[in-house]
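Participant: Below: one structure in structure tokens.
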Amino acid sequence: MQIFDYDNILLLPRKCRVESRSECDASVTLGARSFRLPVVPANMKTVVDEPICLWLAQNGYFYVMHRFDLDNVKFVKQMHAKGVFASISLGVKKPDYDTVDQLVAEGLVPEYITIDIAHGHADSVKNMIGYLKQKLPGSFVIAGNIGTPEAVIDLENWGADATKVGIGPGKVCITKLKTGFGTGGWQLSALKWCARVATKPIIADGGIRDHGDIAKSVRFGASMVMIGSLFAGHEESPGRTVEVDGALFKEYYGSASDFNKGEYKHVEGKRILEPIKGKLADTLIEMEQDVQSSISYAGGRALMDIRKVNYVTLGGDNAGEHLLM
């Protein structure tokens, strides 16, 4: 098996077929809806909150609300009252089952539910998928996180409508350091490996450092890319604002950090400061333009045309050209 990550790969251009990148369609369909970009901000407390999720939904972007210190039932009710879709996160503990029961009791059906735990290839996830499919069959269920083909096969067979691939490759995740496990350092290979057996959409989660990594993720099988650090640090971001030597930063920490949990127990995340980088809307526009450019370099007009390109690996024993692998 060939091992590489985002910084080891470059995609090879094909003849351009458009006059302007604005002719390229960067949209993607997930479930019953289409979204402007194959990108979703990470469901983390320092990345998204209720106002950001509402704005994303109103402007044609996908979102997943985090599951920490949140009344999911109230959130779903509010989003539907405002005429937009509801996309929530659940764990696999009793309070999460109680949330499902409350949603059913109130006749609320979230359009998207993400089962969001650190090690998603687990019987506990199997049980929650089954419960959701029984109680809320109208919800599109995303399950993760995972990092192997075996996990993709199992989660799909258990009923997941999409899987989320990535074990600890994120900027504020230290899973590989704390446990010795994960996809950190080879996330793009793991994505390629998992996509080979997937029959349903994959969301690549973590390891994205530059906008070009979005195109690389799509090339190797992702339908959607979850990003934390590039979305943290905006003026609207919920993280606490910190001033250091006259410069403004936003706090950004992992979901399994002690900062998020409020206690030092089973910690697999850390806290960093992200320089404030302006408005979220401006970043999303720039991302869309960059993805459109990627499509034009791929010789296409639609997002999935990126999957048709060849690529090269940079450096190491595996260096060389790879044709449509």
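Cβ coordinates come from backbone N, Cα and C, glycine included.
Straight out of Swiss-Prot:
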- C173: active site, thioimidate intermediate (ACT_SITE)
- 202-225: NADP(+) binding site (BINDING)
Participant: Pop the Cα-Cα gap between C173 (active site, thioimidate intermediate) and F220 (NADP(+) binding site) into the table, whole Å please.
Facilitator: 22
Participant: Name the secondary structure element type, per DSSP in three states, that contains the residue listed as 'active site, thioimidate intermediate'.
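Facilitator: Where the residue listed as 'active site, thioimidate intermediate' sits, the three-state DSSP reduction gives strand.
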Participant: For S217 (NADP(+) binding site), what residues in its own chain, 6 or more apart in sequence, show a Cβ-Cβ distance under 8 Å?
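Facilitator: Same-chain residues close to S217 (NADP(+) binding site) (Cβ under 8 Å, separated by 6 or more) are P38, L188, L191, A204, I208, V225.
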Participant: My understanding is the cutoff is Cβ-Cβ under 8 Å with a sequence separation of 6 or more in the same chain; which residues meet that for I202 (NADP(+) binding site)?
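Facilitator: Non-local contacts for I202 (NADP(+) binding site): V152, A162, T163, K164, V165, L191, C194, A195, G221, A222, S223, M224.
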Participant: What does DSSP assign D205 (NADP(+) binding site), in three states?
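Facilitator: DSSP assigns D205 (NADP(+) binding site) to strand.
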Participant: Sorry to bug you, but what's the C-alpha spacing from H211 (NADP(+) binding site) to C173 (active site, thioimidate intermediate), rounded to the closest Å?
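Facilitator: Cα to Cα, C173 (active site, thioimidate intermediate) and H211 (NADP(+) binding site) are separated by 20 Å.
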Participant: So, three-state DSSP: helix, strand or coil for S223 (NADP(+) binding site)?
Facilitator: coil
Participant: Give the three-state DSSP assignment (helix, strand or coil) for S217 (NADP(+) binding site).
Facilitator: helix
Participant: How many other Cβ atoms are found within 10 Å of the Cβ atom of S223 (NADP(+) binding site), counting all protein chains shown?
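Facilitator: Around S223 (NADP(+) binding site), other Cβ atoms within 10 Å: 20.
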Participant: Is it possible to get the count of other C-beta atoms within 10 angstroms of the C-beta of H211 (NADP(+) binding site)?
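Facilitator: Its Cβ has 19 other Cβ atoms within 10 Å.
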Participant: Would you mind listing, in sequence order, the residues at least six apart from I214 (NADP(+) binding site) in the same chain with a Cβ closer than 8 Å to its Cβ?
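Facilitator: Spatial neighbours, sequence-distant, of I214 (NADP(+) binding site): P38, V39, I208, V225, M287, D290, V291, S294.
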